[in-house]
Structure formats: C-alpha cells, structure tokens
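Novice: I grabbed these lines from TrEMBL:
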- 23-43: transmembrane segment (TRANSMEM)
- 26-476: domain 'Major facilitator superfamily (MFS) profile' (DOMAIN)
- 80-98: transmembrane segment (TRANSMEM)
- 110-129: transmembrane segment (TRANSMEM)
- 135-157: transmembrane segment (TRANSMEM)
- 169-192: transmembrane segment (TRANSMEM)
- 198-221: transmembrane segment (TRANSMEM)
- 283-307: transmembrane segment (TRANSMEM)
- 319-341: transmembrane segment (TRANSMEM)
- 348-368: transmembrane segment (TRANSMEM)
- 388-410: transmembrane segment (TRANSMEM)
- 422-445: transmembrane segment (TRANSMEM)
- 451-472: transmembrane segment (TRANSMEM)
Amino acid sequence: MAGGFVSQTPGVRNFNYKLTPKVFVTCFIGAFGGLIFGYDLGISGGVTQMEPFLEEFFPYVYKKMKNAHENEYCRFDSQLLTLFTSSLYLAALVSSLFASTITRVFGRKWSMFLGGFTFFIGSAFNGFAQNIAMLLIGRILLGFGVGFANQSVPVYLSEMAPPNLRGAFNNGFQVAIIFGIVVATIINYFTAQLKGNIGWRISLGLACVPAMMIMIGALILPDTPNSLIERGFTEDAKKMLQSIRGTSEVDEEFQDLIDASEESKQVKHPWKNIMLPRYRPQLIMTCFIPFFQQLTGINVITFYAPVLFQTLGFGSKASLLSAMVTGIIELLCTFVSVFTVDRFGRRVLFLQGGIQMLISQIAIGVMIGVKFGTVGTGNIGKTDANLIVALICIYVAGFAWSWGPLGWLVPSEISPLEIRSAAQAINVAVNMFFTFLVAQLFLTMLCHMKFGLFFFFAVFVFIMTIFIYLMLPETKNVPIEEMNRVWKAHWFWGRFIPDEAVGVSAAEMQQKSV
C-alpha cells in the first residue's frame, strides 16, 4: 500500500475487550479536563468584541472599531488585545514541561487536579480584574491549568481505554473541548446583552465552574494501571486492570504493562532518551502533528469567530450567534470521529478531513477577496455573508472529525511508557507555542495579508495531508504497549526501531501489507 499504510501489523495481539461501566465512567469524568481548555477558547473571542470590555481595557481598539471608515481587515488589530488571548498559551507551554514530571512521579490524576486548581484561581483574577495587569496574571494562571490538564488527560484516557475502543474514548477529550466552546459561546451571547461591565465579568468568572468539575473529578478518579505499575503498585495495578476490563483474564495485557514498566525503569532521563534514533518516529509525530493542527487555521475561527464575523459585516449580536452555530456544528461533527475512528481508522479521517478543509478554505478566501479586495472596504450582502458562514461550517466539520480529535489522540497513543510523559509534554508544548503564535499574530496577519490569510492556511493543510498519507501508519486497535510493532512495519520508520524493541525477528517485522 502506498504511503506505508499497514492494515494488519504482524505480531500485534488484538484484545477485544467489552465496554465496562467502570471504564466508561472513569473516561467520561477524565474527559472533563477538556472543558477548561474549551471554555477558554470559546469565551476569550467573545469577550474581546464586547464594547464595555474594550472600552475599559483597550480604548484604542474600541475607537477603531467605532470608526465606520476603518479598513475592515484592520478594525481589531492590536498587539495588546491579542496578548490578552495568547498569553494563556505561552503559560500553558511552560507548565506542560513541568507537568510531565508530576504526571510521571505522582500519577495522571494529580496533574489533572493541579490543572483545575490553577485554572480556578486564574478565573477569579479575570472575573474581578481592575486593570490590564490583573487580566494578564489571570490569563497566565489559566494557562498553567490548561498545560497540566492537556498534558495528563489524553494520556489518562489512552491508558484507561481498551485498545479496541481507545480512539473513541480519547476523542472524548476533544468532545469536552468543543462542548466547553459551545457553552462559552452561548454564555457570551447572553452576557453581551447586559449593560455595563457585568457581562464580561460573568463570562470570565464562570471559568471557575469547569475548573471545579475537573478538580472534583480528579479526586474521585482511580489512577491508570500503567501509572500504578510505574510507581511500584503492581498488585493494585492488576486489580485496576481487571476492574476496568471487566474480566480476570488480563494476564497478557498485564504482562505487556510490566514489561513496558521494566524497560521504562532503565530510562533515567526520558527527555534525553526521546532524542535517541529508536524514538525518532514518536519525536517527529509529537512535534509535527500539533504543529500542523494549529496551522489548519482552526483557532482563527475559534478564538476570533465573533470578531471575524463582525469584520464580515455582521452586527455584534449576529456575530455571536453565528459563532454559536459553528460551535454547535463542531460539537456534533466531533461525534462522527468518536463513532468511526476505531472502525475506519485514523488515516481515513485525517485524509478526508484535510481535503474538505482545503477546498472550503480556498472558497472562503476567494469570496472574501472578491467582496473586500485588497483595500478592505466594501459591503457584503446577506446572501454572500450566509454563504461564507456555510463554508466556515463545512471547514469546521472537516476539522471536527479529523485534526481536532486526532491531533490529541495519535500523539498520546504512539509512545512507549518510558518516554510517554515527555512525549506528551512535547506535544502540548508545541501545540501551545503555535496556538500562542497564531493567536498573537492573527489580527495583524489579517490586517496585512487580508483574504490571502486563508490561502496561507490552505497551503499548510495541503502539506499536512501529504505528510499524513506518507508518514503515519494506522494505529487503530493496536495495544498501546505494542505500538513499536506498527513503527517497525512502516516503510520509512522501520529503520529506526531496533529488533529487540518488538521482541520478534527482523524478517517478520519487515513484512508490509500489499
């Protein structure tokens, strides 16, 4: 098969466990970690176009927005305003690196709890903010919370879920993110209609609710068998594995976890070891997948959907309503991935979603270019505006069942235990860095690149789709501690994986599907 696609990897055992109530409840609660990230993604874009908020903290932007003759592309261009949004993601980048050690030494659940706690404190700072300094301090604390949660939750879900359902359960993290976005957008819609400063304070302050949910959830959740073994609680780990699998016949999978733990104990410096050639596939994927996920341009829509719709000529209320519609569509379409990722696989969704996003982005760029040109002045009719919203919805749908959930799923499931925490920390750090970069530069890029910005992101969507086709093997239904067999069987990555890493002959592992 071209591109190194392996439909059935040689030597990989298939554990077809049934869904148990315990694993469903634990993964459902664990996925709460995505709520804090999603709530912030949805709330910040709406708050930054509320007039009382802008008048209070960003009067220069407020005056530009009220100028009827202002270049439409540049109405909201302000580095200070974008710093309010993007500072969170820089803080998340830093905290994710520290979260790796806490996740490995103390367990996944305590990293989740710490994420919820710092997010709670940050929400209080923002809700009661009296000046820019309080706003930014609050955003930084929120960022620490997001970094800890995003580092630990995907790993938690991947380790708790049975191999044949891992994709669906891990995608619950993305469902929680999108649910948080939708809830935040709905809240913004109603708080924007309140007089004075009370509206934006309610929007920012209510971030404490998802923070409390993840804190309470982390306290009642059990830790994963992988983490228990890693920290020396072997008997507890076996009981936990039997409990979440719903059977006492778990000896093979348990032995896989023991073997992985023994190998991980030989690794004293995971940050150093992940640079070794044998981990080259995991390192490349945990860097490039989050990099590409942000360069799809999705956060342009998520952060600034209300601002973008206002730029297109919608009123303040209509822009929030349009952003709400796109958020609901993204939530519904994420469930497509939940129900299909373990049936059709990761590659099919990545490739189909990439093609859909590419076509819709080009169409959006063309329409905006025709209506506003390069000078940024002109009017857009109701029919054309609605068509652009429809194209944005098509684009969002493509992302929602591909790069959205899979951008978190694949990096969390491909690394062996000895480097898993470090690899996930790299994944989150790269994700947050480019989230920060896109958030900080978008309004300036829109001002200078104009409609060409959509073509800019379309080029990256094309490149990332080719990258997935050539470089990512299929990982569905593969036990998480046997993932090295998949890399060994790949046409390119196989050269980096030593034979002893898979425990079978080199000749066997060099078989390729035809």
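Glycine residues also receive a Cβ, built from the backbone N, Cα and C atoms like all the rest.
Are these features on the surface or tucked inside, and what touches them?
Specialist: Under 8 Å from some Cβ of the transmembrane segment (135-157) lie the Cβ atoms of residues 27, 30-31, 33-34, 36-37, 40, 57, 83-85, 87-96, 98-100, 102-103, 108-109, 111-112, 114-126, 129, 166, 169-170, 172-173, 204, 207, 211, 214, 221, 224, 408-409, 411-412, 420-421, 424-425, 428, 431-432, all in the same chain and six or more residues away from its ends.
Within its own chain, the transmembrane segment (198-221) has Cβ neighbours under 8 Å at 26, 29-30, 32-33, 35-36, 38-40, 43, 46-47, 50, 52-53, 109-110, 112-113, 115-117, 119-120, 122-124, 126-129, 138, 142, 145, 149, 156, 180, 184, 187-188, 191-192, counting only residues six or more beyond its boundaries.
Away from its own ends, the transmembrane segment (319-341) comes close to residues 42, 45-46, 49, 167-168, 171-172, 174-175, 178-179, 181-182, 185-186, 188-189, 192, 301, 305-310, 349, 389, 392-393, 396-397, 399-402, 404-406, 409, 476 of its chain (Cβ-Cβ under 8 Å, at least six residues beyond either end).
Here the transmembrane segment (348-368) has long-range neighbours at 296-297, 312, 337, 340-341, 384, 387-388, 391-392, 394-395, 397-399, 401-403, 406, 450-455, 457-458, 461-462, 464-465, 468-469, 472, meaning same-chain residues at least 6 beyond its ends whose C-beta is under 8 angstroms from one of its own.
Remote same-chain residues near the transmembrane segment (451-472) are listed as 2-4, 284-285, 288, 292, 295-297, 300, 346-347, 350-351, 354-355, 357-358, 361-362, 364-366, 368-369, 372, 403, 410, 442, 445, 492-493 (criterion: CB distance under 8 Å, separation of at least six residues from the stretch ends).
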Novice: Might you confirm whether the transmembrane segment (23-43) is in contact with the transmembrane segment (422-445), defined here as three or more C-beta pairs under 8 A between residues 6 or more apart in sequence?
Specialist: no
Novice: Residues of the same chain, at least six outside the transmembrane segment (23-43), with any C-beta under 8 angstroms of its C-beta?
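Specialist: For the transmembrane segment (23-43), the sequence-distant neighbours (Cβ-Cβ under 8 Å, at least 6 residues beyond its ends) are 88, 112, 115-116, 119, 142, 145-146, 149-150, 152-153, 156-157, 160-162, 169, 172-185, 187-188, 203-204, 206-207, 210-211, 213-214, 217, 220-222, 244-246, 299, 302-303, 327.
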Novice: Same chain only, please: residues at least 6 beyond the ends of the transmembrane segment (169-192) with a C-beta under 8 Å from a C-beta of the stretch. Say none if there are none.
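Specialist: Answer is 23, 27-28, 30-43, 46-47, 50, 153-154, 157-158, 160-161, 198-200, 202-203, 206, 210, 302, 305-306, 316-317, 320-321, 323-324, 327-328, 330-331, 334-335, 337-338, 341, 400, 404-406, 408-409, 412-413.
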